[in-house]
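> Here it is: the structure, laid out below.
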Ligand SMILES: CSC[C@H]1O[C@H](OP(=O)(O)O)[C@H](O)[C@@H]1O
């Protein structure tokens, strides 16, 4: 008999806390070995935190940016200036713009930015929980599930997106093992491993290059990843390496799912409009402070790539699972 694991919400990881007119963030640069907090007193602190990935993950940076604009209102800063600064932190995750625009709309209607930010925060928690409840039904007892980057509680307000599906399957007594891509160069796989270890969910870390070999050996049952932006045509923007996984999954006939809230959908932009973030080359050339390549080496450091709809089995949302060519069903 499957015993549903009861998890008390107070022990679940929450990377974002609003307290006494301060934004308190888990400093994800210090994980997995140190759990430390970064306190934001103004919108510039929040902009720094987003740009330097103190906080990261599409939904999480949206919520953080919303509170950043709220701090600008509380500190009586120039709201337009704050909006522009926060908007220019990272270009790919649509959630950042969705949250900032919602707060700006509230402000222009004479409403409290802070109240709107709190609503966005609460909604994100509820939506990520729902994504887990919906997606859990896709998971079979005994599944080996591969995931990429960190689409967990640390990338959202709580629960996560891809990891919410995995958590809910585990809490419902399904025996699963998670294969965790380390995800060079920022190694967000270590964040995923931190979350899974924290909750006792079995996992194995692999180098990104090992994924294909495991699929070839028939040792991966499903792949579930997050997303930073999903277009109307079903194209998914996610952490660099996602596209390679999707091609391999197609070749090996392995279901490839994307888990994301409706706030990650961008029904207006076309592919040519989307900026794929390129980050500091030092992230690739150095590991901590050690130069890994010959002095003066050049490199690419794309933070995201794009996966076409035809490589995606289904998109798991709070409103249900849809095929990538059925997205508009979600917005009826
Ligand atoms: C739940 S969305 C998480 C999404 O964000 C990550 O990017 P980054 O760590 O650079 O903010 C990655 O693309 C994840 O899939």
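Here the Cβ of each residue, glycine as well, is placed from N, Cα and C on the backbone.
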> Need a hand: TrEMBL gives 56, 57, 58, 188, 238, 239 for substrate, which of 90, 167 is also on that list?
90
> Select the most exposed residue of 58, 149, where exposure means the fewest other Cβ atoms within 10 Å, treating these as the recorded positions.
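58, out of the recorded positions 58, 149, has the fewest neighbouring Cβ atoms within 10 Å.
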> Between residue 228 (active site, proton donor) and residue 58 (substrate binding site), how many Å separate their Cα atoms?
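Cα-Cα, rounded: 5 Å.
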> Rounded to the nearest angstrom, how far is the Cα of residue 149 (site 'Transition state stabilizer') from the Cα of residue 58 (substrate binding site)?
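About 12 Å separates the two Cα atoms.
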> Just the recorded positions from 56, 58, 90, 149, 188, 228 whose C-beta lies under 6 Å from any atom of ligand 1, please, or none if there are none.
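Checked recorded positions vs ligand 1; flagged 56, 58, 149, 188, 228.
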> Taking the residues the record says bind substrate (56, 57, 58, 90, 188, 238, 239), how far apart in Å are the two Cα atoms that sit farthest from each other?
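If we measure all Cα pairs in 56, 57, 58, 90, 188, 238, 239, the largest is 17 Å.
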> For residue 238 (substrate binding site), which residues in the same chain are close in space, meaning a Cβ under 8 Å from its Cβ, but six or more apart along the sequence?
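Residue 238 (substrate binding site) has long-range Cβ partners 148, 149, 225, 226, 227, 228, 258, 304, 305, 307.
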